[in-house]
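K.L.:
For reference, TrEMBL lists these features for the protein:
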{"type": "REGION", "residues": "1-23", "note": "region 'Disordered'"}
{"type": "COMPBIAS", "residues": "12-23", "note": "compositional bias 'Basic and acidic residues'"}
{"type": "COMPBIAS", "residues": "117-129", "note": "compositional bias 'Polar residues'"}
{"type": "REGION", "residues": "117-141", "note": "region 'Disordered'"}
{"type": "COMPBIAS", "residues": "160-174", "note": "compositional bias 'Polar residues'"}
{"type": "REGION", "residues": "160-222", "note": "region 'Disordered'"}
{"type": "COMPBIAS", "residues": "264-278", "note": "compositional bias 'Low complexity'"}
{"type": "REGION", "residues": "264-287", "note": "region 'Disordered'"}
{"type": "BINDING", "residues": "383, 384, 385, 386, 387, 388, 389, 522, 523, 524, 525", "note": "GTP binding site"}
{"type": "BINDING", "residues": "389", "note": "Mg(2+) binding site"}
Ligand SMILES: Nc1nc2c(ncn2[C@@H]2O[C@H](COP(=O)(O)OP(=O)(O)OP(=O)(O)O)[C@@H](O)[C@H]2O)c(=O)[nH]1
Ligand SMILES: [Mg+2]
């Protein structure tokens with residue numbers, strides 16, 4: 001029976017009729033009882049859901065470390081292990097990145113063969129014999145004609161070659177003298193070009209091994225073999241532009257920065273091709289502006305670039321795709337393989353100290369498979385692919401049931417860009433993080449930072465940085481520190497810029513005082529290779545002294561260094577977790593990631609007093 005306690009007009013409506021019969025009343029009461037129980041059940045469901053949501057654990061991990069330390073690769077390992085279906089589905093999207101990695105490796109080789117390496121040889125125009133040429137290339141198959149674009153390439157025998165792709169091009173490759181606007185300026189140092197420290201191939205396109213001369217310079221010889229090979233590899237420049245245009249959104253200002261700096265002629269290019277044009281001009285920029293030739297293509301983390309690629313290949317299985325870069329790679333396959341396996345080329349790279357196989361995105365040892373028309377990236381390929389990160393982004397993982405007791409926990413992993421200009425983006429994540437995974441690529445003891453070639457990756461570069469508790473480290477980008485300002489920036493410490501410096505900064509940061517730090521001493525596989533090649537650690541790290549130059553001794557020595565810093569700089573005592581890793585190695589990394597996950601999970605429970 002309703003008890004009317006309010007003046008609610010609804011009550012008036014719901015009031016039983018005054019002449020309600022006993023039968024009708026019984027039915028009405030039964031209906032009301034049923035409605036009430038349904039309503040109660042709904043309320044209970046909502047309550048339970050709210051309760052479950054409140055109970056749901058969220059663990060937030062932050063990946064830190066210098067550029068190329070392996071942060072994004074570690075994230076991909078997490079994805080591979082904990083969201084395998086999504087990881088597998090996305091493999092096809094990585095093909096473009098791998099193609100770009102291959103093309104860039106080839107470009108590095110061709111540049112090494114072409115450009116003199118000594119500091120006085122900074123201009124490809126410096127030869128008095130320089131003359132520009134134009135090569136007209138036919139439009140590539142299965143691709144709409146591109147506007148006519150010109151690129152310049154120093155072809156190694158004193159001539160500049162301008163390449164033109166476009167619908168107006170003749171159908172055969174031929175050369176003719178280029179107009180005067182591309183004529184090389186005269187250079188008073190031009191005689192210097194008659195000698196350089198690189199080996200030229202002989203006339204049949206092979207690169208004979210030459211024993212090192214007593215003088216590090218090697219006299220140049222005419223190089224028709226190399227010219228022919230390079231001409232056959234020219235389409236790689238075209239696909240480099242296509243790939244960049246595919247991967248970098250057209251509105252990406254930063255990605256095209258260096259292109260604009262090194263831009264050549266791009267008149268007539270449509271706005272959609274301007275990205276590729278200007279980036280190709282950057283390709284020409286490595287002819288005319290050497291300092292930009294190592295610029296990396298990057299993407300902002302998150303699904304953005306993948307979304308664009310996915311749309312581009314929508315409806316395609318990836319097996320019978322008409323993928324132009326793949327077709328061009330396939331077409332150039334034998335030349336690429338010949339180039340990479342040539343002893344003479346290897347010798348040039350050795351002399352130039354270019355060790356592609358130790359660098360990022362190295363795929364040249366597997367060209368047969370990777371250049372096949374039906375190539376589909378494997379898990380390992382995806383892990384080895386290199387795509388620089390800019391900015392920071394959070395990735396969510398629901399652990400699957402197989403993950404055991406932490407199933408239902410939501411893991412949020414933040415991947416960050418590690419190059420110097422990116423480090424200020426780390427700070428906003430510091431106040432809400434459960435653990436930090438810090439990657440230190442210990443193979444970098446004999447390398448310099450790609451963004452500053454005066455700075456050793458691990459130890460010995462001398463750079464000034466500002467670090468103080470009152471001036472948050474990461475909000476004071478080192479790049480902004482001007483030496484003129486130094487007297488005003490106190491306290492000011494002189495650091496050795498490198499992974500060690502970063503580790504010190506992370507350990508000492510007060511915001512992170514209660515955050516667990518997990519150190520991955522990464523790239524052990526490369527370290528091992530270097531040590532086997534006889535590279536002496538003591539040459540680069542003076543304090544290493546006369547310890548054994550083997551993997552065990554070196555890695556333990558480095559771990560102790562990091563551990564000592566952790567002990568000394570942590571504001572509060574905390575445990576030190578360190579692992580030796582090669583995060584591209586799926587077999588070993590799976591176990592390590594499981595340990596890290598368990599350890600972080602336990603600590604999180606402890607801190608939330610659930611354990
Ligand atoms: N051989 C080897 N290569 C590795 C290892 N870890 C990472 N790499 C490779 O090194 C390159 C750089 O790795 P990333 O994960 O992109 O580096 P990152 O720290 O994310 O770099 P940024 O995005 O620039 O900050 C990639 O090509 C990886 O495949 C390793 O342990 N061994
Ligand atoms: Mg990255």
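Keep in mind that glycine also has a Cβ here, set from the backbone N, Cα and C atoms.
So that I understand the layout, could you describe where these features sit and how close they are to other parts?
P.N.:
The Cβ neighbour count for residue 385 (GTP binding site), using a 10 Å radius over every protein chain in view, is 23.
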K.L.:
Those binding-site residues, 385, 387, 523, 525: which ones have a Cβ sitting under 6 Å from ligand 2?
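P.N.:
Among the binding-site residues listed, not one has its Cβ under 6 Å from ligand 2.
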K.L.:
Work out the three-state DSSP category of residue 387 (GTP binding site).
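P.N.:
DSSP assigns residue 387 (GTP binding site) to coil.
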K.L.:
Relative to the Cβ position of residue 387 (GTP binding site), how many further Cβ atoms are located within 10 Å?
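P.N.:
That number is 20.
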K.L.:
Could you say whether, by DSSP, residue 523 (GTP binding site) belongs to a helix, a strand or a coil region?
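P.N.:
Where residue 523 (GTP binding site) sits, the three-state DSSP reduction gives coil.
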K.L.:
Including all protein chains displayed, how many Cβ atoms other than that of residue 383 (GTP binding site) lie within 10 Å of its Cβ?
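P.N.:
Around residue 383 (GTP binding site), other Cβ atoms within 10 Å: 21.
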K.L.:
I'd like the per-state residue tally for the compositional bias 'Basic and acidic residues' (12-23) from DSSP, helix first, then strand, then coil.
P.N.:
5 helix, 0 strand, 7 coil
